[in-house]
Amino acid sequence: MTILTHTLGFPRVGLRRELKKAQESYWAGNSTREALLAVGRELRARHWEQQKQAGIDLLPVGDFAWYDHVLTTSLLLGNVPARHQNNDGSVDIDTLFRIGRGRAPTGEPAAAAEMTKWFNTNYHYIVPEFSKGQQFRLTWTQLLEEVDEALALGHKIKPVLLGPVTYLWLGKVKGEPFDRLTLLKDILPVYQHVLAELAKRGIEWVQIDELALVLELPQAWLDAFKPAYDALAGQVKLLLTTYFEGVTPNLDTIIALPAQGLHVDLIHGKDDVAELHQRLPVDWLLSAGLINGRNVWRADLTEKYAQINALVGKRALWVASSCSLLHSPIDLSVETRLDTEVKSWFAFALQKCGELALLRDALNSGETAALEEWSAPIQARRHSRRVHNAAVEKRLAAITAQDSQRENPYEVRAEAQRARFKLPAWPTTTIGSFPQTTEIRGLRLDFKKGNLDANNYRTGIAEHIKQAIIEQERLGLDVLVHGEAERNDMVEYFGEHLDGFVFTQNGWVQSYGSRCVKPPVVIGDISRPAPITVEWAKYAQSLTDKPVKGMLTGPVTILCWSFPREDVTRETIAKQIALALRDEVADLEAAGIGIIQIDEPALREGLPLRRSDWDAYLEWGVEAFRINAAVAKDETQIHTHMCYCEFNDIMDSIVALDADVITIETSRSDMELLESFEAFDYPNEIGPGVYDIHSPNVPSVEWIEALLKKAAQRIPAQRLWVNPDCGLKTRGWPETRAALANMVKAAHNLRQAK
């Protein structure tokens, strides 16, 4: 039985972010739909060929998405919210963009669908909306068209589908409450139709992603798998695909299904390969996810070989990435500025494909010399002086309980803060960033390339900060921000100023839609050699009598949005970052900054997928935040910001953060998230986001007032703040001014209505 290689998916955006540029050009009206579609075709063809050349035997098709693969599945099923539908009932790419963004070059603008995190990653998906009695039909044939493309190019392929049970699990009911699982019988005919079309094209295997099978599901959902897959069986071979966790707890459900193979994540799961082999049906193929799709580290292939070699010849076996390579940058070979030693520790998506090919060849032949050669830099790294810092390790070991305690409880601090700031009712603020204009990006790029000296760069940044303060004072905001003109990314900026991180030139990964991020890589112990944000915060405060917030990214978010080390625990990394940023809080306070925001949007996304593992994570995650913040005096107000979150199941931990003010993203969920805070009787102040910054639509004063009144039904008005959902970095100034003016007006109206 010859072992084959495959990947579960490949990065979509292109090495130079070609997809992002084509999307944004099309949205802005600067290019045609045909030009956008052509870029997609070119990227798919290139990526298939690159994977093939790197040694992948079965290429994934259907992993490409114009915005997000869950949204693609919604269109496949004809699940289009009424507000986004075309008058004639047709579905096109602008339908997709209206659902994701709220607007597109054609069609009427409408509220974008809710967006949330894809399991415990920093990728986002558009949440499917379900209503009672909903009908489904095949309306979007993107998958079939891409299969035809790949077949025409002569590739051996494996189409990828999001499974029906997981699709329903990821969605939300809108309107009259009902059990969305009852829709399963209605979407299965569409899946049957798609599988029949694939069978007509000679497809042998289909990868069907059922990530819900790694979760602690209610019994009714587990019971739904058998009848669903009984309905889907028989047309093609189904590779039941799971990742991000192990499957052993749900293995009884899995082995009862009429599938022909199972993919397991052997990186993030705790599954025992021998047990899987023993319990799986003898005729099932096992796809072993041995290469980590979520990081940038070179794999120890000798270790991977030892892990799986015992199964060679005993059952059909494929070797694969643990999950889609969507979460990894594309190609390490173009990183020309990385230190040679550090570069030898890494592998990006194409290199991971090469790792799979090396592993396949060794397993098929029994020859392991190439694996040992590939793995040599990993052994060298364990002893590198770039990894270990004795002073950091000593400070970490000396942490005590007192280091995570503010001087006094919230009630005492709140009195001191009210006396200091004298803010009005319904105080208005923003979350931190202002539009990153072409001028700002050009300024940073010129400085980075050496075309601008430090003095001229600083003068330019200072001018943009000054303009941000002027804009906010004109608008009448109560608590200001400096706008973050000097920051390229909320995590990358801090990583650039902390020892223990390195950066790539082209290490882009998709976050959502056209948004890409370039995560820093944690290669060693973390420390702060000098203040990071103090200079610009102090300058901004000198320009106004109103309070200006200091802006920090919190330790858990920096951890979650970086590629972490694999030789120490995530807890260790988070606490090292917390200690470094604790010193930053102290320095901001000493510089006269009275309000300091520590953003933790990733706190919930870092949760383990199984609830039984949550407590340990939340304990150290909360402790890291408190270590970061607890150095602040009573009269210093600590804010935190979170987004895309469901809070009801972690409210104990949200309260335990002990932030004086929390701002959250609520507008897309129509203030639904506040139910958690109301039910828990959240004791501190809260700023529910009143408009969606991910959409270019400008909210009306009436819309914002209505949301705030709804918020005041759940949270006492004297503890409410008024703010957008998130930072304004990706928006333009015209819509930003208009939206903030309406937000301030709504707050003033509510003050006068008291």
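Cβ coordinates are placed from backbone N, Cα and C, and glycine is handled just like the others.
Owing to the predicted nature of the structure, the values given are computational and were not obtained by experimental measurement.
Here Swiss-Prot flags R17, E18, L19, K20, K117, R515, C516, W561, E605 as 5-methyltetrahydropteroyltri-L-glutamate binding site, drawing on sequence analysis. DSSP classifies L19 (5-methyltetrahydropteroyltri-L-glutamate binding site) as helix under the three-state reduction. Taking a C-beta cut-off of under 8 Å and a sequence gap of six or more, L19 (5-methyltetrahydropteroyltri-L-glutamate binding site) has these contacts in its own chain: R12, V13, V39, G40, L43, S514.
Positions annotated as L-homocysteine binding site by Swiss-Prot: I431, G432, S433, E484, D599. Neighbours of S433 (L-homocysteine binding site), defined as other CB atoms within 10 A of its CB across all chains, total 23.
Per Swiss-Prot, the feature L-methionine binding site maps to I431, G432, S433, E484, D599; the stated evidence is sequence analysis. For D599 (L-homocysteine binding site), other Cβ atoms within 10 Å of its Cβ number 25.
Annotation source Swiss-Prot lists Zn(2+) binding site at H641, C643, E665, C726.
Summarising the annotation, Swiss-Prot assigns active site, proton donor to H694 and lists sequence analysis as the type of evidence. Remark: H694 (active site, proton donor) has R101, G102, A112, M115, Y512, D725, C726, T730 as non-local neighbours, by Cβ distance under 8 Å and separation of at least 6 in sequence.
Apart from I431, G432, S433, E484, D599, the L-homocysteine site neighbourhood in this chain, defined by C-beta within 8 angstroms of the site C-beta centre, holds T430, V481, M490, M551, Q597, H641, C726, G727, K729. Comparing Cβ neighbour counts within 10 Å across the binding-site residues I431, C516, the minimum falls on C516. A straight line from the CA of H641 (Zn(2+) binding site) to the CA of D599 (L-homocysteine binding site) spans 5 Å. Taking the Cα atom of each, E605 (5-methyltetrahydropteroyltri-L-glutamate binding site) and S433 (L-homocysteine binding site) are about 22 angstrom apart.
The CA atom of D599 (L-homocysteine binding site) is located 17 Å away from the CA atom of K117 (5-methyltetrahydropteroyltri-L-glutamate binding site). Annotation for the binding-site residues K117, H641: lowest Cβ count within 10 Å of the residue's own Cβ, K117.
Site extent for L-homocysteine: among the recorded binding residues I431, G432, S433, E484, D599, the largest C-alpha separation is 14 Å. Of all residue pairs in the 5-methyltetrahydropteroyltri-L-glutamate-binding list (R17, E18, L19, K20, K117, R515, C516, W561, E605), the one with the greatest Cα separation is 28 Å apart.
Spatially, by CA atoms, the binding-site residues I431, E484, E665 include one closest to R17 (5-methyltetrahydropteroyltri-L-glutamate binding site), and that is E484.
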